[in-house]
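Asker: This is the structure I want to talk about, given as structure tokens.
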Ligand SMILES: Nc1ncnc2c1ncn2[C@@H]1O[C@H](COP(=O)(O)OS(=O)(=O)O)[C@@H](OP(=O)(O)O)[C@H]1O
Ligand SMILES: [Mg+2]
Ligand SMILES: [Mg+2]
Ligand SMILES: [Mg+2]
């Protein structure tokens with residue numbers, strides 16, 4: 001077993017050894033239960049610092065693109081979903097910064113790949129991405145590297161091909177979650193998490209268009225507060241939020257309300273991503289009075305972690321399979337803030353199965369006190385919908 005001792009204890013560090021050191025160790029033991037026990041007691045401070053830097057720099061690239069989006073910046077993937085130069089640029093930057101900060105090529109499970117960019121007709125698009133990546137890195141001023149070539153950018157993007165799984169450490173990245181929101185000028189997130197032995201052990205959510213103050217009852221898209229938020233969480237250490245331009249972090253907590261009449265709920269902006277009818281039925285059954293708050297991306301998990309709303313409901317159409325990068329960072333941000341994330345049957349999410357989540361019908365999120373009533377309303381509503389078909 002190797003023992004590393006870091007003589008720093010950052011603000012968010014677990015206070016197991018508050019007097020001086022944060023301890024981390026890596027082990028070559030072959031037993032998976034001893035590896036899991038080691039993972040549970042490890043500190044991930046170094047990885048968290050690298051993840052915060054990677055997501056913040058990627059957010060700057062996305063902000064730049066969102067301000068001056070060109071028609072040619074948007075393409076369609078084979079599943080017809082949109083992808084932009086910012087999705088690719090963000091993935092390249094995160095992959096590159098993790099490699100640089102942690103001095104090893106990351107095992108990365110990420111949404112995008114370079115297949116389309118390697119085609120002859122994408123040559124101009126690839127140049128534009130490389131230029132964006134180099135400009136953003138140079139603008140940061142803290143990353144010491146000579147300009148990347150087109151091939152370096154393709155390689156960085158393709159680091160994201162890892163299959164994840166139950167063993168070892170894997171980064172999980174959605175370089176832009178909510179690309180449709182990004183294209184509308186609305187909410188989106190850069191979502192980065194770390195899996196260790198199949199469990200999410202840290203997560204970072206950069207939400208460039210989310211105000212620092214609560215969005216409860218406000219007109220989200222006309223807010224004057226444009227700093228953007230960075231949420232981060234490490235297992236056992238709570239969830240913090242700071243502004244994307246680097247203010248001091250503050251600890252956040254989910255809403256503690258037990259009264260559904262006081263609880264507002266989040267759902268996808270895009271009706272094609274989640275059944276608004278089913279969530280409306282559930283909310284009515286539960287006694288929720290407020291109308292749904294519809295925002296794109298894992299910004300929903302971030303807003304919920306600081307109590308802007310108390311419930312998140314997500315019911316994709318039948319047959320849709322959820323990807324781990326759409327939930328891993330959001331999951332730990334909410335869980336460390338005291339929330340509970342389960343599938344529609346009440347089972348915890350299992351991130352150890354590879355690139356996909358294997359779950360029952362949908363994903364629901366709330367605090368511990370409201371969860372039993374929410375699960376009952378979900379069960380009854382799904383039953384009613386099924387019997388009316
Ligand atoms: N049909 C369908 N059903 C369910 N989910 C889907 C579907 N299609 C896409 N997606 C995924 O939804 C991601 C966007 O997150 P949200 O659904 O929370 O945001 S949104 O309000 O709908 O934009 C979005 O993430 P990005 O592709 O990263 O934007 C998709 O992974
Ligand atoms: Mg996508
Ligand atoms: Mg996504
Ligand atoms: Mg995405």
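In case you wondered, yes, glycine gets a Cβ from its N, Cα and C as well.
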Asker: Quick check on the annotation: TrEMBL has 174, 176, 177, 326 binding Mg(2+), so which of 111, 112, 267 does it put in that site too?
Answerer: 111
Asker: For the binding-site residues 111, 174, 177, which Cβ has the most other Cβ atoms within 10 Å, all shown protein chains included?
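Answerer: In terms of Cβ crowding, the pick is 174.
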Asker: Scan 174, 176, 177 for binding-site residues whose C-beta lands under 6 Å from an atom of ligand 3 and note them, or write none.
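Answerer: Correct list: 174, 177.
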Asker: Neighbour count first, Cβ atoms within 10 Å, every protein chain included; then name which of 176, 326 tops the list of binding-site residues.
Answerer: 176
